[in-house]
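The block underneath contains the structure these notes are about, expressed in structure tokens.
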């Protein structure tokens with residue numbers, strides 16, 4: 001029988017259990033906080049009537065008293081909305097956007113965010129989607145030193161007076177690409193620009209040296225989104241990643257900087273506009289990147305007065321709950337454009353599949369990436385005289401091919417008595433020194449295999465380097481494995497002699513030679529290693545190969561309007577530029593790439609590398625034509641691009657299969673490969689203003705007019721009838737039924753009258769009639785061109801053509817045409 005004490009104890013236990021269950025239930029429904037971006041009604045400071053500036057080339061003066069008063073008023077209104085709407089202690093305001101956007105970023109729960117959606121004055125609430133990061137020879141490949149730089153006074157003047165803003169991972173201020181040259185001082189007037197030099201760890205006050213004119217960092221979003229690592233998520237403009245330094249030096253790095261890695265000289269690096277100034281806005285960190293930090297950086301960069309804004313970073317995915325054009329990120333770029341800033345964005349690195357672009361809007365230039373005509377080819381010389389091609393920026397084995405060394409397959413050199421797992425990581429991939437018999441591998445070239453660890457991205461080249469150093473390999477070769485197919489090998493610097501052989505067919509040649517020369521016993525154990533080989537120099541470049549070629553990773557069009565990837569009437573990407581194997585500045589910290597730790601230069605690939613090429617060219621155009629608006633600069637770059645390679649054939653593109661090529665189209669390269677020489681003298685340009693972009697949005701049938709008003713603060717007024725009527729240097733119609741006539745308006749920016757003859761090459765399934773078929777246009781004159789497109793066959797697939805205007809003074813103006821004919825009635 002239970003005693004009174006037992007009953008009391010059982011009762012107390014039951015009460016305690018219920019209490020713990022209640023706490024657990026409450027804990028289970030506690031909401032996790034996220035970052036939200038909010039837009040408010042009312043004009044930001046830059047476009048408020050009381051603060052517009054009369055300064056030439058600038059619409060507002062951030063130092064004026066009126067500017068400061070209105071800015072403080074906006075910040076107070078943001079605080080009032082938060083205090084009156086959200087529960088106390090439920091949120092943390094991260095930023096107030098007040099310069100070109102009116103809004104704020106807040107860290108709070110989903111239920112509190114829903115309250116904000118209903119608050120007075122709030123127009124748009126969007127959850128943060130996170131953000132991520134997306135030259136020695138390219139100036140020569142683009143023809144800059146011989147032509148454009150000569151026109152602009154050589155590299156001692158190219159880009160002078162232009163301030164280029166970079167929203168990225170920061171900058172390495174000690175790099176020679178950003179050094180101030182006291183023998184060639186920068187003396188141009190920067191009265192239109194007003195930045196600040198924020199300092200901090202690894203970023204002393206003298207970092208702003210005249211070449212670097214402004215440095216800021218934005219970290220509140222990153223701090224709210226994740227637990228940061230104090231050793232790499234540095235709270236200063238210092239670049240712990242390397243990406244930001246790389247991007248800035250491609251666009252605006254000093255001319256003629258020697259590139260030396262592992263004691264090997266690779267040439268000289270120069271930015272596209274080497275005399276341009278650099279303004280840094282660090283907004284992406286090794287641990288995390290947030291759109292809150294990126295949007296705050298864009299807002300500040302425009303307020304500071306940058307001329308060009310480079311975004312080699314961006315959202316990780318399309319917006320979930322709104323059309324692509326109306327995300328807060330794209331709206332921030334729209335208002336930067338309204339303020340007169342040329343914005344270029346990396347198109348993305350998710351190719352070669354369709355509709356993978358992360359650049360959507362017509363007010364920003366999306367850059368796709370290509371190969372240049374430079375290649376680095378390592379090779380393995382076998383004892384039978386065969387040379388097997390490979391990849392790797394590596395010094396040769398001693399003797400540079402005149403001496404041959406023992407060739408050993410990794411799994412034939414394992415320590416048979418060793419206590420380690422017999423997995424591919426240990427046996428085949430050369431990741432662990434303890435797996436090998438030192439007497440076998442010392443002084444040998446070891447064949448490592450691309451197996452499960454590399455396929456799953458758990459094994460690394462860095463581990464092979466460490467194994468090779470510890471055990472004294474003469475060199476290593478990482479060969480393709482038939483079980484996993486070909487792999488993509490990039491020519492990165494190797495700290496030991498080595499090569500990658502990424503093709504299975506080549507790996508089989510090596511394997512066959514090795515097995516022919518190797519003596520085994522009945523158990524398969526090697527008794528005599530007779531195969532010999534040497535690794536030849538992988539750091540010597542060859543030039544003149546077919547180029548450009550659209551890189552496999554470069555994101556493809558068509559552009560789309562929503563998460564379902566319904567296509568839009570905007571061509572993306574806009575332009576093709578070098579983005580594959582680009583030498584540029586780096587940060588020795590290299591927090592995300594241990595293989596590059598300690599290096600001041602890196603050879604990288606990505607649309608992140610293409611965007612600053614375009615930005616630098618835009619800076620040169622802006623320098624020559626300071627009164628041009630951003631759309632005129634974009635037009636000059638687009639209409640002068642080429643769709644042909646250096647052999648005279650259509651530009652090719654890399655496909656899904658490694659090594660495969662196909663004839664590219666508008667969704668691969670936009671208008672074509674950038675040609676800076678012709679872009680400096682385009683003959684005709686097309687121009688669009690902020691109001692035109694609003695009319696474009698309002699002409700789209702599936703976009704809610706109230707959503708446009710909420711995002712842009714502008715009611716839909718005058719319509720352009722169809723989105724394809726936006727005056728941009730391309731014609732894209734995502735669903736053409738029967739017939740449509742669109743119009744383009746051109747301005748003559750040349751110094752003489754010129755007569756142009758119009759030619760249309762219609763996409764399959766269509767006919768195109770141009771009116772007028774020819775015209776004469778005076779300097780500063782304008783000319784409308786009506787483009788009538790008729791469906792003659794319903795293909796329901798995108799097809800491609802172009803319009804070419806050929807001038808009597810040798811100007812050629814090209815516009816890509818992209819149509820999906822869906823109905824002939």
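Heads up, the Cβ atoms here are built off N, Cα and C, so glycines get one too.
According to TrEMBL, the protein has these features:
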- 168: active site, charge relay system (ACT_SITE)
- 243: active site, charge relay system (ACT_SITE)
- 608: active site, charge relay system (ACT_SITE)
- 70-131: domain 'Inhibitor I9' (DOMAIN)
- 159-644: domain 'Peptidase S8/S53' (DOMAIN)
- 725-819: domain 'Subtilisin-like protease fibronectin type-III' (DOMAIN)
Between residue 608 (active site, charge relay system) and residue 168 (active site, charge relay system), what C-alpha distance do you get in Å?
-> 10
Residue 168 (active site, charge relay system) and residue 243 (active site, charge relay system), distance between Cα atoms, whole Å | 7
Under 8 Å Cβ-Cβ from residue 168 (active site, charge relay system), six or more apart in the same chain: what's there?
-> 133, 239, 243, 244, 247, 248, 280, 281, 282, 283, 284, 310, 312, 313
For the domain 'Subtilisin-like protease fibronectin type-III' (725-819), DSSP counts of helix, strand and coil?
-> 1 helix, 62 strand, 32 coil
When a 10 Å sphere is centred on the Cβ of residue 243 (active site, charge relay system), how many other Cβ atoms does it contain?
-> 30
Within 10 A of the CB of residue 608 (active site, charge relay system), the number of other CB atoms across every chain shown is 30
Taking the domain 'Inhibitor I9' (70-131) alone, what is its mean pLDDT?
-> 95
Counts of helix, strand and coil residues, the domain 'Inhibitor I9' (70-131), according to DSSP | 24 helix, 20 strand, 18 coil
